[in-house]
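Taken from TrEMBL as is:
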BINDING   Arg39, Arg45  NADP(+) binding site
BINDING   Arg130, Ser131, Ser132, Asn251, Ala252, Gly296, Lys311, Pro312, Ile313, Pro314, Thr315, Arg337  FMN binding site
Amino acid sequence: MRYLTAGESHGKQLTTIVEGLPARMPLHREKIDESLIRRQGGYGRGRRMQIEKDLIEITGGVRHGYTLGSPVSLILHNDDFTHWRNIMGEDPIGEDEEVRRTISRPRPGHADLNGALKYGHRDIRNVLERSSARETAARVAAGAVAKQLLEELGINVIGYVNTIGGITASYDQALSFAQRKEQSEQSPVRTLDKEAEQTMMQAIDDAKKEGDSIGGVVEVMVEGMPAGVGSYVHYDRKLDARIGGSVMSINAFKGAEFGVGFEAANLKGSEVHDEIAYNEKNGYYRKSNNLGGFEGGMTTGMPIIVKGVMKPIPTLYKPLQSVDIDSKEPFKASIERSDSCAVPAAAVVMEHVVAWELAKAITEQFPSDQFPKLKQSIEEYKEEIRCF
Ligand SMILES: Cc1cc2nc3c(=O)[nH]c(=O)nc-3n(C[C@H](O)[C@H](O)[C@H](O)COP(=O)(O)O)c2cc1C
Ligand SMILES: C=C(O[C@@H]1CC(C(=O)O)=C[C@@H](OP(=O)(O)O)[C@H]1O)C(=O)O
């Protein structure tokens, strides 16, 4: 499976083309919409999210609620385009001053300066339109398709907030998938810790008041993945590495860790490695899950626990020092309308990029032209490893 996205933040629409999905898989548009609406929410977002109402239009690859095996094409209209028609239209510009006004003061922390240098854009708008995290809506659409494939196979994925602006949620590690899902969905900051929620919201308000921004950590939990998905034989088939790369590809994400992650550096082997046990009902299982569901680039069959760290949003209402690329004079960076904290929204994005990588690995490993055969093959594999 693979997908491509196209579209600018204030352009007409975002397009996602998903290729390689099994044929005859049920696909519900409403479930994609649910994911998109969840991504739009979360405390700390700016005014743009009040303008957009992200709903998907399926324009190919699906008939009467089932995939055909042909590419699935998903369209997401940018409602804000009506305000940007002059600035973002594809036709050559005329003499209108308003249209020709360009952005020449790159924001530290965004893609502005590097993108301008790389593509030779003197108008930084040509960079920021595509580097904007608006594109994560198109990625969530692809992930929502992947989630439907996984759900049909009994695999569930949920993302929630672990830390915002230095405030870390504390919660019982034994919380079930269903509890994590319910609690995160009820929380305005999508955390599992009711007490930390208020302090997190206060931290977002404080940052906003100061014209500043804050980041955080999000966590994704996956239940129901059978052991042995992924591979140890080549770097590019190690599933934890693929997930890590995908998490890092989310705008503003700076790192990923599985299970105890970086803390492993401070622990002994006996404190890290998850002892192996067996019972007839479930087959092999681990007595702990310190490694977050991966060994040797393959799933262990334990829940996958992966964290991603998001830096603070680069656009600041109290802008940082920058250099105007026209005059070369020092200036304050340009101020674009912005979120002050997008960590809760990013939890939904990460949930969907992880889901994509899992669905992709499954369709590579099992026969996947026809969805009923894929489902049957996974059932047989689960039984095989239970008795192994
Ligand atoms: C959901 C989400 C919303 C974001 N909103 C903004 C925003 O409003 N303003 C901003 O400057 N950056 C925002 N970002 C972060 C930038 O898109 C990101 O920092 C930029 O693309 C540069 O890429 P890098 O940080 O990965 O290096 C957001 C990121 C995510 C995931
Ligand atoms: C549009 C989205 O996020 C945008 C991501 C973003 C950025 O620089 O990454 C900047 C802001 O764009 P705007 O200036 O239009 O308000 C965010 O709103 C979205 O998440 O759908």
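A Cβ is built for glycine as well, from the same backbone N, Cα and C atoms used for every other residue.
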Under a threshold of 6 Å between Cβ and any atom of ligand 2, which of the binding-site residues Arg45, Arg130, Ser132, Ala252, Lys311, Ile313 are retained? Ser132
Of Arg39, Ile313, Thr315, the binding-site residues with C-beta less than 6 Å from an atom of ligand 1, in sequence order, are Ile313, Thr315
Once the chains shown are all counted, how many other Cβ atoms turn up within 10 Å of the Cβ of Ile313 (FMN binding site)? 25
Between the two most distant Cα atoms of the FMN-binding residues Arg130, Ser131, Ser132, Asn251, Ala252, Gly296, Lys311, Pro312, Ile313, Pro314, Thr315, Arg337, the distance in Å is 44
Between Arg45 (NADP(+) binding site) and Ile313 (FMN binding site), find the distance joining the two CA atoms and give it rounded to the nearest Å. 11
Pairwise Cα distance for Arg39 (NADP(+) binding site)/Ser132 (FMN binding site) [Å, integer]: 15
List, in sequence order, the same-chain residues at least six positions removed whose CB sits under 8 Å from that of Thr315 (FMN binding site)? Arg107, His110, Ser213, Ala333, Ile335, Glu336, Ser338
